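Here is what TrEMBL says about this protein:
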type: DOMAIN; residues: 50-301; note: domain 'G-protein coupled receptors family 1 profile'
type: TRANSMEM; residues: 35-58; note: transmembrane segment
type: TRANSMEM; residues: 70-95; note: transmembrane segment
type: TRANSMEM; residues: 107-129; note: transmembrane segment
type: TRANSMEM; residues: 150-174; note: transmembrane segment
type: TRANSMEM; residues: 205-230; note: transmembrane segment
type: TRANSMEM; residues: 251-274; note: transmembrane segment
type: TRANSMEM; residues: 280-300; note: transmembrane segment
């Protein structure tokens, strides 16, 4: 009878664990979590305010109702979509509220993180195409990139990313998790979760690698080809001043591409080839991957794009602008 009760207790414990996972904060610095939360709060605040400001300016300023700025608004939306799902779970861990997350909630969180990550890559490809058309075919710019076509591009980018992720999420639902339920981060990532499964994860590993190779590969190749044509067109311009002006319109986009792809590739390499590295390396790379693009993209576009900079000045210093122009 005692053995039976013990077995039942073990089963209940296993059953509870099968639906509950535990986040990891900053390993080795648990006593400083409250202080560490301050810079994270600042980063999230800067990212949210910056991207919301760009969205507001693009929506309210008629002079910015052009393809380039519509795509910039899409970039801001995907930036927030990629980082906001992690906000609550990260702060719950750092503020010592709770480290637990239910399996279903974890899957939903990782779905949004990975979907918007792939969507942002697709949006950057669309922005590269926008720059290609603007520089190489300026007379056809407004006829090629109509508002209706831009909306279709945005919807296609989201559907491509979300639908391709679904098979991985469905497959996860059938995995038993009988090992440790402690995740490597303060949010859920697919590559982090499958390592805890007590099952054959070959499909998820291969499908994930193929998905990354196809989507990121296609997007990065498209961006590269666009810039080859752009560079060829720019070099044919006689005036050096006009060359620099044309290239300057691409500077913000190139920065956005590097800001997304470098941490993304770095995080993937760490998960694939540095499994035994210090946990701090995994945590550091994961937070860079999710926080750097939303924080830096609005800053870069505000600094490098005159129209956005002017819109921000009008928004925050309306009286000064009014008196200057008056």
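The backbone N, Cα and C atoms fix where each Cβ goes, and this holds for glycine too.
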Candidates 35-58, 70-95, 107-129; stretch with most C-beta pairs under 8 Å toward the transmembrane segment (280-300) = 35-58
Non-local residues, at least 6 beyond the ends, that sit with Cβ under 8 Å of the transmembrane segment (35-58) | 25-26, 29, 64-65, 69-70, 72-73, 76-77, 79-80, 83-84, 87, 90-91, 94-95, 287, 291, 294-295, 297-299, 301-302, 308, 311-312, 315
Between the stretches 70-95, 107-129, 251-274, which wins on the count of C-beta pairs under 8 angstroms to the transmembrane segment (205-230)?
-> 107-129
